[in-house]
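Annotation comment: TrEMBL describes 26-47, 84-104, 111-129, 149-173 as transmembrane segment. According to TrEMBL, the feature active site maps to ASP139, ASP157.
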Amino acid sequence: MPEASESGRDTGPAGRALRTRRAWRFWAWLAAAALIVLLDQVVKAYFDTHLHYGERLHILPFFDFTLLHNTGAAFSFLAEGQGWQRWLFTAIAIGAAALIINLLRRDSGQLLFCSSLTAILGGAVGNVVDRIQHGHVVDFLLFYWRNWYFPAFNIADVAITCGAILLILDELLRIGRERRRRL
């Protein structure tokens, strides 16, 4: 019979092994998020030191590297504010990061769900580092077609977007499993 503590948790070898496995998974997800932050920051530093503000390096007929600063949120939302938005978006991202860390700790065994959260966490922290360090986010990827330009973005933004897509996919798959279970 497994050992149980007063709280009802399994304290025997099987319970300890399960908690150890969950802890390793949790730390692996955090390490993956840290790698996203590191990649994001290294690439931003490269463009920040190799391009002048507003300069464009033509790569393809529809894509340039550039150096732009975004004081707003995605797609430069609220970029025209008086500086208050820097702290608002920083606080929102820190709150989201805390929630995500809690979810990763709780659900570390759910591959798709945790992959999505890890990407969002890495991207959010990457942009928070910019906001705190520079007062703006460094953007360097610019897609366009003739006179139409998509707002410039960065690796952190790509991670957040991919994470959001994976999160939606995870939810759709979960709903599908529930529907099949009810039949």
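Every residue gets a Cβ built from N, Cα and C, even glycine.
A quick note: this is a predicted structure, and the numbers were derived from the prediction, not measured.
With a threshold of 8 Å between CB atoms, the same-chain residues lying at least 6 positions outside the transmembrane segment (84-104) that come near it are 26, 29-30, 71-73, 78, 113-114, 117-118, 120-121, 124-125, 127-128, 131-132, 135-136. ASP139 (active site) and ASP157 (active site) are 9 Å apart (CA-CA, integer value). Around ASP139 (active site), the same-chain residues at least 6 positions away in sequence with a Cβ under 8 Å from its Cβ are THR66, LEU67, LEU68, HIS69, ASN70, PRO151, ALA152, PHE153, ASN154, ASP157. When Cβ atoms from all protein chains are considered, those within 10 Å of ASP157 (active site) total 21, not counting its own.
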